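So that you can see what the record holds, here are the features copied from Swiss-Prot:
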BINDING   8, 10, 42  divalent metal cation binding site
BINDING   8-10, 34-35, 56-58, 61-65, 100-106, 132-135, 139, 142  4-CDP-2-C-methyl-D-erythritol 2-phosphate binding site
SITE      34  site 'Transition state stabilizer'
SITE      133  site 'Transition state stabilizer'
């Protein structure tokens with residue numbers, strides 16, 4: 001078994017909506033990013049790549065490459081997952097924690113879990129997504145951006 005950890009953060013800027021966990025969430029602010037700014041899927045992709053010792057999302061999909069401008073993070077996750085599976089790994093489970101003062105994530109979490117399970121080709125029981133605030137402390141608490149942490153457990157597939 002192998003475990004990976006991922007972290008991502010994006011500052012608010014421009015107009016909404018925002019995309020988190022593949023879900024378009026109405027909000028007056030947008031997120032500044034080279035791709036679609038989906039902190040949840042970026043952190044998850046990093047966790048999966050880390051567990052497989054395959055670097056990180058910036059190595060695989062550099063923000064200096066115009067091909068990834070405005071990229072759909074679900075597509076990036078699926079491509080990273082294909083590469084990880086090709087290395088002989090299967091999914092154990094993933095756990096994602098979104099850190100945001102606003103907007104409220106709870107109504108959107110069920111759909112996030114559906115999208116992640118679809119993209120990884122796994123059962124919903126293998127995907128957990130939760131959200132928390134920082135009780136108005138730090139940059140997320142001041143409403144300056146959104147952060148996310150994720151962990152992933154991979155299992156070496158039998159040969």
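Cβ from N, Cα, C; glycine included.
Overlay of Swiss-Prot annotations on the structure.
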residue : record                                                 : Cβ within 10 Å
8       : divalent metal cation binding site                     : 24
10      : divalent metal cation binding site                     : 22
34      : site 'Transition state stabilizer'                     : 17
35      : 4-CDP-2-C-methyl-D-erythritol 2-phosphate binding site : 21
42      : divalent metal cation binding site                     : 27
61      : 4-CDP-2-C-methyl-D-erythritol 2-phosphate binding site : 20
65      : 4-CDP-2-C-methyl-D-erythritol 2-phosphate binding site : 10
103     : 4-CDP-2-C-methyl-D-erythritol 2-phosphate binding site : 19
132     : 4-CDP-2-C-methyl-D-erythritol 2-phosphate binding site : 13
139     : 4-CDP-2-C-methyl-D-erythritol 2-phosphate binding site : 16
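Put simply, 34 is the one of the recorded positions 10, 34, 42 whose Cα lies nearest to the Cα of residue 65 (4-CDP-2-C-methyl-D-erythritol 2-phosphate binding site). Around residue 133 (site 'Transition state stabilizer'), taking its Cβ as the centre, 15 other Cβ atoms fall within 10 Å, counting all chains.
Taking the Cα atom of each, residue 103 (4-CDP-2-C-methyl-D-erythritol 2-phosphate binding site) and residue 133 (site 'Transition state stabilizer') are about 10 angstrom apart. The divalent metal cation site is set by 8, 10, 42; from the centre of their CB atoms, other residues of the chain with a CB within 8 Å are 9, 33, 37, 38, 39, 40, 43, 146, 147, 148. It is 17 Å from the Cα atom of residue 10 (divalent metal cation binding site) to that of residue 61 (4-CDP-2-C-methyl-D-erythritol 2-phosphate binding site). Rounded to the nearest whole angstrom, the C-alpha distance between residue 8 (divalent metal cation binding site) and residue 132 (4-CDP-2-C-methyl-D-erythritol 2-phosphate binding site) is 15.
Rounded to the nearest whole angstrom, the C-alpha distance between residue 34 (site 'Transition state stabilizer') and residue 133 (site 'Transition state stabilizer') is 25.
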